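Student: One structure, as structure tokens, below. Some questions next.
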Amino acid sequence: MPNPIARTEDIELRLLLEAIYLKYHYDFRGYAMASVKRRLNQARERFDCRSFSQLQDKVLNEPGMMDELLTYLTVQVSELFRDPAYFRAIREKVVPHLKTYPSIKVWIAGCSTGEELYSFAILFREEGLEERTMFYATDINPEALRKAEAGVYDLERMRLFTENHRLSGGKSSLSDYYSAGYGAATFDKSLRKRTVFSDHSLVTDAVFAETQMVSCRNVLIYFNKDLQGRAIGLFRDSLTRGGFLGLGSKETLRFSPHADDFSDFSRDERLYQKRGAH
Amino acid sequence: MPAPARKPYQAVVIGTSAGGLKALSAILPHLPADYPLPIMVVIHVPPHRQSLIAPLFEEKSQIRVIEAEDKTPIEGACVYFAPPDYHLLVEGNYELSLSSEEPVLFSRPSIDVLFETAADAYGDGLIGVILTGANNDGAAGLKAVMAAGGAGFIQTPQSAFARAMPEAAIEACPSALILDLDDILLELKKAA
């Protein structure tokens with residue numbers, strides 16, 4: 001078996017990621033490489049490059065190339081109320097705790113195009129928490145953040161979103177929150193009046209607020225273990241004692257150096273609670 | 001002088017779709033508990049979040065069977081099923097990772113994604129197996145496995161519940177071994 005580091009292709013991949021970091025400060029060096037390599041190979045083919053080195057030349061010297069590459073490097077696939085059981089557990093188990101706080105801050109880390117944010121905003125409105133809550137929706141991809149802020153989705157996705165919302169224990173009709181037209185569903189802008197959208201990197205940036213809940217789902221799977229450790233460290237430092245961390249349905253704190261800082265709160269739904277002190 | 005022994009295989013990847021449960025039942029429960037190679041499996045199932053497939057096989061197999069979690073270190077004597085609605089990938093350091101990227105050939109998990117990343121990690125130490133299925137996922141993946149020097153086994157289309165997947169794999173990989181399920185089991189035992 002070839003030594004993975006010694007292969008030319010892998011050397012070129014590392015140099016490409018280094019170049020992207022040095023020039024644009026997007027740091028993909030600690031990402032899970034199998035997926036990064038696959039996606040950069042797609043980009044390489046799309047831009048007619050023979051090698052990652054050629055792609056590196058392009059991204060260093062051609063304006064606009066980095067934005068193009070970002071769409072390959074950042075994954076933008078989500079749903080409203082994805083994994084309804086997660087939102088049901090938040091509704092039934094987390095909300096009663098959050099209700100004891102006079103003001104609540106929720107961080108949607110890696111919000112991508114906003115589906116998770118709108119899910120939270122709707123749930124918090126239904127549960128009567130919206131008026132005392134501030135949401136932070138962060139991502140590294142400015143184009144995704146623009147889409148999140150716009151809150152416009154394909155109308156054909158609404159059937160799935162509506163079903164997810166119902167399964168999450170939704171107390172209203174999802175259609176109350178968007179207007180439909182020209183094949184698009186535009187979510188009511190009042191849903192984001194208490195949201196700050198911001199460019200933030202879990203890789204290179206620091207904690208920016210004390211929060212009572214962090215939801216970061218299907219983001220950590222793209223990181224290697226070291227980077228996962230860094231991100232989870234940020235969440236721990238941001239969360240207030242007893243604050244809640246929600247991960248994706250197949251993500252786990254089990255392999256994290258910070259696992260001891262959290263306790264299982266709702267195991268199947270991957271909801272964790274920060275322990276008293278650290 | 002005898003020919004130098006082939007370097008031992010390090011891992012097995014299996015891809016299947018329609019009819020796959022039954023085909024896998026002819027293989028996984030018949031492997032010994034200490035079968036030394038790790039086996040990663042993608043079977044296309046409707047994307048309900050809770051999968052019953054890993055527990056089903058765990059129940060009737062001697063070898064350990066689990067649903068893969070993110071960053072699970074890959075170990076021998078264990079079968080890892082891709083969770084529904086996630087791609088399963090092999091990292092260069094022999095950990096599994098998951099991804100919710102777009103479906104590939106309408107499939108998530110995608111056989112091609114598993115096979116291609118496993119081929120990248122294991123090179124010629126990998127065995128790729130394509131079983132019954134009704135689409136052409138896996139053909140490009142098996143081709144990548146064999147291009148990296150690995151072995152390819154394909155279920156004989158006549159014996160498959162759905163023949164499209166084996167046929168597509170045969171077309172992409174003419175030098176793969178085309179075998180009935182019994183013989184695939186035998187070859188897997190021999191390879192370990």
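For all residues, glycine too, the Cβ spot is worked out from N, Cα and C.
Feature list, courtesy of TrEMBL:
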- B:2-192: domain 'CheB-type methylesterase' (DOMAIN)
- B:Ser17: active site (ACT_SITE)
- B:His44: active site (ACT_SITE)
- B:Asp137: active site (ACT_SITE)
Student: Could you measure between B:Ser17 (active site) and B:Asp137 (active site) for me? Cα positions, answer in whole angstrom.
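Tutor: B:Ser17 (active site) to B:Asp137 (active site), Cα-Cα distance: 9 Å.
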Student: Near B:His44 (active site), which residues of its chain come within a Cβ-Cβ distance under 8 Å, counting only those 6 or more away in sequence?
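Tutor: Residues satisfying the criterion: B:Thr16, B:Ser17, B:Ala18, B:Gly20, B:Ser107, B:Pro109, B:Gly133, B:Asn135, B:Asp137.
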Student: Find the average pLDDT over the domain 'CheB-type methylesterase' (B:2-192) in the predicted model and report it.
Tutor: 94
